Amino acid sequence: MDGDISTGKMASPACAMAPLDSMEVLDLLFDGQDGILRNVDLAESWILTREEQKVLPNSDSDEFLNSILGPGDSDPSSPIWSPADSDSGISEDLPSDSQDTPPGSGPGSANVAARCHPSKQGEGPCPSYLPSTACPEPPRTQVHESSVAIDLDMWSTDTLYPEEQAGSPSRFNLTVKELLLSGGGGDLQQHPLAASQLLGPGSGHCQELVLTEDEKKLLAKEGVTLPTQLPLTKYEERVLKKIRRKIRNKQSAQESRKKKKEYIDGLENRMSACTAQNQELQRKVLHLEKQNLSLLEQLKHLQALVVQSTSKPAHAGTCIAVLLLSFVLIILPSISPFTANKVDSPGDFIPVRVFSRTLHNHAASRVAPDVTPGPEVPGPHKGSSGGLSADWGNFLEIPMLDDPTEELDNTTLVLANSTEDLGRATLLDWVASEPLLGQMGLEIPGEEIWLSWVPRWLRVRVVQDALGVL
């Protein structure tokens, strides 16, 4: 009975924890003069279960606080509702409406309903030491093990230095949304201060709404005024989302315009470079065209000069003279009158006559007619060959005499004797050589060619015929 009463007394302060901070809760519970638990024997009224001993086996203060805060926790099977006064700022969850709001009169009633549990069945409103609303009796369910474990090792400094810790801000800036989405007791155990804020959000839990200059300008343009403290209403959240969406669109448009401007600037630079290059190429083309025109003019001038030099007609007389000269140069080596003059030159060669033995024998038996000496010295006649003079020199032996008169007589005598010795056949052979050649129409360079060309038997026959004619 005493345990139930003490449990009821300790459960009632949980209803008043909503507007209080953690340090105020400790002062309210353990104050020696005005504390709620100043007359309660804690060592006899709390009996720890085996499960609680497994969770916190080595800390008496942990067992005490777990036993205090355990009945005040909400049932795990009950749905978790996000409080309306949450500090989540701009909500990015699914769109919420009036159906998402838990049944209740307001934020205060939701917190009280979640944290107030009567100690006995059938009791009325929860007793509280601060003004608060009445808590409706929830359906009785089986109380499970607390899903919130508070580590008091971090609170030991609070009890030792309450003034320093009261002024210091919370080291965990987790929102209610993040704690609810975590969905596990381990996260709450890792962040005990955040769990205490979730259980009882106080005045220090509120955050300021920080707006940029662009947001303020757009809000002023829209004619909407937002509060400086979170949380915001759904309408205010929608307005703030709309403003921030406009700012993002504006920034993206500015970025796109900036990129477009940079791209256009690059194109303009390239265009200017291409224009300068095009102008340079045009100047080169004009220069080349001028050079081409000058070359064409020079070519036309040269063509005119060539045409003037080749336009004169060739005379017919010149062509005929060239043809005759060519013909003469071709035919000249085979023309005989030119070769006769060459043969008549005395220094070319000396012909040698060979007399046949047969003619010598016949000549010795013949008697040559008397030759009448004349005033002229006998010798070769005109038109005779040089070989005749040579033969005459062989047969004439004129001795050298002292007296010129005797020389003339002796010369005549020697000539007569030589004529007799030579014979008629030899003389006829000499005389008949030139007429025979003239009759045959053969004009050869010398007699040696005639002697070498005519066979011996034919030569004898010709000589005999010549003698018969004479």
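Cβ from N, Cα, C; glycine included.
Per Swiss-Prot, the features are:
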{"type": "CROSSLNK", "residues": "Lys290", "note": "ubiquitin cross-link"}
{"type": "DOMAIN", "residues": "239-302", "note": "domain 'bZIP'"}
{"type": "CARBOHYD", "residues": "Asn410", "note": "N-linked glycosylation site"}
{"type": "CARBOHYD", "residues": "Asn417", "note": "N-linked glycosylation site"}
{"type": "REGION", "residues": "59-145", "note": "region 'Disordered'"}
{"type": "REGION", "residues": "241-270", "note": "region 'Basic motif'"}
{"type": "REGION", "residues": "281-302", "note": "region 'Leucine-zipper'"}
{"type": "TOPO_DOM", "residues": "1-319", "note": "topological domain 'Cytoplasmic'"}
{"type": "TOPO_DOM", "residues": "341-470", "note": "topological domain 'Lumenal'"}
{"type": "TRANSMEM", "residues": "320-340", "note": "transmembrane segment"}
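Summarised by DSSP class, the composition of the region 'Basic motif' (241-270) is 30 helix, 0 strand, 0 coil. Under DSSP, residues within the domain 'bZIP' (239-302) fall into helix, strand and coil as 64 helix, 0 strand, 0 coil. If you average pLDDT over the region 'Basic motif' (241-270) in this model, you get 92.
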